[in-house]
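K.L.:
Below is the structure I would like to discuss, written out as structure tokens.
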């Protein structure tokens, strides 16, 4: 009597095991096996992290095994089970891998195909085509589009994290509760005593710095010592948290009437301002997107303000980037002066603080929230809706949207919703952050997501003209490594442009992606009050921590690809990333301001924090 050996691997995450009954059916080209209960006498099957094997006897040959059907039935109470993979050893001694990496919930069944990636045009049998179609029909019922707010990118149709499909929920909600993380951050940073001191101002900058005492590392200490200096202000445009605002100037903006006489004392080459522009030494950071954004008015006892500044930066003879002129609004005039380094010390310092404030809002809402979280979610939903698990693009993309939809849903639930934590902490809370996303979407382009194109569009591609721009240099290294890896994978499955055109699923994926929408300040009271300062610090601290068991670029513990060429491409990718990591580590040695943010060993595989 022919016998097949079925090996089942259970996940190692929390609550992955189950006490429910698990049945398996082997579907071959000739016959199907009987539905078989996988159960060993006096043994606790399907424990967390277990790999269990079972023999299935059949009366006749099943032919080539096409599918494996898993069914789970309740034993005592519903008990979800995470199945990593199933392997089948045939009577001839061949091994067939069936990747799963999914939760089996309720009394449901899952039908798996073997791990070889296939394009839709490669499937010829009725069973294979039917499985592909049914998988997508089910997914499209579960993964539905919704417009969370007019003018926003489309998002998942779920109000809370618990409403999400089980496969894309966090393994545990413990690590992604924003309120809990804020509270932990506040406690860990020892700023509890300031937490409820809203409307209570700081006396001076030194007093304000007291809330940063618990953040201690080489970079933070150096920044704390030098943050008021112009060179540090300029350096942050290159390698700070939002190094995407500065662009080379080809002319002085019409609404920023800086004259050569104003900045003459800052220019070091005996050239006029216009000549410095032509020589490529003048840069502009323009926060026009902040113009007209509503400041937070959720607290009637506290007036909050926003600025839409323009900052002129100068590359001096030492190749340092220095600020030489700041205008805090977009419309020039007597009530909107241009501030200069030659002004009173605190006037100039506060002008820089207002620029940094605007930079923070743009970073948090546009660079971070919109251009990483929300845009990644669109790709993730389209992937689930249009690409079956057997498609190579699904296998390629899946690790890179891990938990992205979950973290975004949690953010809409607690962070950016009405009366959420954004309203407590941010000057754009109470609706301003929504306006900022809507405004950004009106000029959003796909090309702007392509790293080399984005750098070139700002005129900053030359390492010779602008050295020490580590964000650009490291980013391009990682971009090229990723591009090479993706090219290797795509080339395995697509032999020509015609193959892409004939792939109806990838065409539907791109079409679904088109679900985007058609779419008097300078006082010491410029500082936030003590309570909001602590909320700010807690927010930034909590949102900058890695997740537990974080997976970094190149880590693929779930083996969705089973073919040797794809595995070889992954190994080549990891090797290149290791080389980049070593280069960055070597370059950073001995630096007072090391730059490691784009080191591959610190780049998470997906947007999940």
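For all residues, glycine too, the Cβ spot is worked out from N, Cα and C.
So TrEMBL lists the following for this protein:
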DOMAIN    2-118  domain 'PLAT'
BINDING   17, 79, 80  Ca(2+) 1 binding site
BINDING   39  Ca(2+) 2 binding site
SITE      103  site 'Essential for stabilizing binding to COTL1'
DOMAIN    118-513  domain 'Lipoxygenase'
BINDING   368, 373  Fe cation binding site
DOMAIN    524-609  domain 'Lipoxygenase'
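Show me how these features fit into the structure around them.
P.N.:
The helix, strand and coil residue counts that DSSP assigns across the domain 'PLAT' (2-118) are 0 helix, 59 strand, 58 coil.
Cβ environment of residue 103 (site 'Essential for stabilizing binding to COTL1'): 80, 81, 82, 83, 166, 167 lie under 8 Å away, each six or more residues apart in the same chain.
Along the domain 'Lipoxygenase' (118-513), the predicted structure has mean pLDDT 91.
Annotation for residue 373 (Fe cation binding site): spatial neighbours 404, 407, 408, 411, 607, criterion Cβ-Cβ under 8 Å with sequence separation of six or more.
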K.L.:
Measuring Cα to Cα, tell me the gap between residue 79 (Ca(2+) 1 binding site) and residue 39 (Ca(2+) 2 binding site) in whole angstrom.
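P.N.:
Counting only the Cα atoms, the answer is 16 Å.
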K.L.:
Residues near the Ca(2+) 1 site, 17, 79, 80 excluded, by Cβ within 8 Å of the Cβ center?
P.N.:
15, 16, 18, 19, 20, 46, 81, 82
K.L.:
Across all the protein chains here, work out how many other Cβ atoms are within 10 Å of the Cβ of residue 80 (Ca(2+) 1 binding site).
P.N.:
15
K.L.:
Counting only other Cβ atoms and using a 10 Å cut-off, which of the binding-site residues 39, 79 scores lowest?
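P.N.:
Per-residue Cβ counts within 10 Å for the binding-site residues 39, 79 bottom out at 39.
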K.L.:
Work out how many Å separate residue 368 (Fe cation binding site) and residue 39 (Ca(2+) 2 binding site) at their Cα atoms, rounded off.
P.N.:
48
